[in-house]
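What follows is a single structure, written as structure tokens, with notes after it.
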Amino acid sequence: MAAKDVKFNTEARNKMLKGVNILADAVKVTLGPKGRNVVLDKSFGAPRITKDGVSVAKEIELEDKFENMGAQMVKEVASRTNDEAGDGTTTATVLAQAIVREGMKSVAAGMNPMDLKRGIDLATAKVVEAIKAASRPVNDSAEVAQVGTISANGESEIGRQIAEAMQKVGNEGVITVEENKGLETETDVVEGMQFDRGYLSPYFVTNADKMIAELEDCMILLHEKKLSSLQPMVPLLEQVIQSQKPLLIIAEDVEGEALATLVVNKLRGGLKIAAVKAPGFGDRRKAMLQDIAILTGGQVISEDLGMKLESVTMDMLGTAKKISITKDETTIVDGAGEKAEIEARVAQIRTQIEETTSDYDREKLQERVAKLAGGVAVIRVGGMTEVEVKERKDRVDDALNATRAAVQEGVVVGGGVALVQAGKVLADLEGANADQTAGINIVRKAIEAPLRQIAENAGVDGAVVAGKVRESGDASFGFNAQTEEYGDMFKFGVIDPAKVVRTALEDASSVAGLLITTEAMVADKPQKDAPAGGGMPDMGGMGGMM
């Protein structure tokens, strides 16, 4: 085992604080509408330019092991906030730095670190309660756009497109962000359920120009296994022909004789029909077929449940207003499923999302929720160069996460003002002893840090701005860094999601509390380079040979 280097007390804390400051100073220049960019070097390709706090934090590794520990702990703050709220990573980093800095001063002055931490935790809980109480629900699409605009660093076009996408697919719908090949940023919306399986034969096409099969007011047969013969289905097909409605067959596969029979019937004009493979594989395929069944009000014909094709009746089929099938994908619009059943299914999948530990499974489950609940929107981000596209995509991702958070827990005044106003609840709060009260005061000072930093980045004195906001009796009074005006932040349209502000403070105080209570640090000793191998030693004369 390699030898370890151990540092104690003040020496350990100072090293750690240095690492915290290096990382936080690099991240905090991005905060606010007038925050600057950070350029990240890449081992290949062009450097990346970003204003995303967590992207900057993730790039930082320090040479000194002890300083690096401090930096990594603050990186954890940014990552946790990003995972929980999707935005607010820079705010969380600035808060963590402020709490650690003030806390270290108090520890150096001889206060008990554990009591300081208890005071910090108590104050954080009170401020979080105040933030929740001050939160108000998002009422309309204009407010959603404002949240998106603020998070995208004042680019109103991004806010507008996100609001538009959310309006179309609903709050439960999935919105994905991709890179566009062109200059423009566009939004595509797919309503209804879409899955990536196309028609099994081009003969099913109804619109030869577009090469798509369109079925209006359509019946849907969902079958779990392969169909190789249509013989068991003949009674059902006769009923479908009499009803004069089109039929879509979704099965594991339709092959050989069965497919040929369907194509011949379609070409003769007796049956409006199409067939596609079921989406997904294995257990996920079963679950997705069940989703389609609930969405369309039908049943999955499954041998596990003792159902046979011979006994299928018309009332076991699902129905949908419109189905369109291309060679690659199928879209079911306006299924006839019961709303209550769809909601119950969504709730069931949500429970699975909370319980799963796999990111891949979570993503697939979220897609299923979106397909059941509303639809899917894709925002394609454009730009002149690859570097610009990547930078904009970072901002669109942040803005999208912020708007989702706003819809979940409502909004509060932006620009760091919500924290300062919520901090007023700490004015008369006292801990069980003097050290706990000192911990409460650490939080009271630290929660002004984001407001100060936003002002500093706009070229204004942060202390003056913080003083004015603190002394104001109006809860929504603040400083608009974009226009450098004081006034009602709601009227300026400067609003933040309550969830983002809350999460940033909780994560920052949690990790900062751990840093303050650190008394010793252990790291691997740097390896000394071994000296270069010399030549072979002198072997002396070999003596005379006989």
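Every residue, even glycine, has its Cβ placed from backbone N, Cα and C.
Taken from Swiss-Prot, the feature ATP binding site covers Thr30, Leu31, Gly32, Pro33, Lys51, Asp87, Gly88, Thr89, Thr90, Thr91, Gly415, Asp496, and the record attributes it to sequence analysis. For Gly88 (ATP binding site), the same-chain residues 6+ apart in sequence whose C-beta sits under 8 angstroms from its C-beta are Thr81, Ala402, Asp496, Pro497, Val500, Val501, Thr503, Ala504.
Look at Swiss-Prot and you will find 532-546 tagged as compositional bias 'Gly residues'.
If you look up Swiss-Prot, you'll see 526-546 marked as region 'Disordered'.
Compared over the binding-site residues Thr30, Thr90, the count of CB atoms lying within 10 A of a residue's CB peaks at Thr90.
Its Cβ taken as reference, Lys51 (ATP binding site) is surrounded by 21 other Cβ atoms within 10 Å in the chains shown. With a cut-off of 8 Å between CB atoms and residues at least 6 apart in sequence, the same chain places Gly415, Gln453, Ile454, Ala455, Asn457, Ala458, Ala481 near Gly32 (ATP binding site), listed in sequence order.
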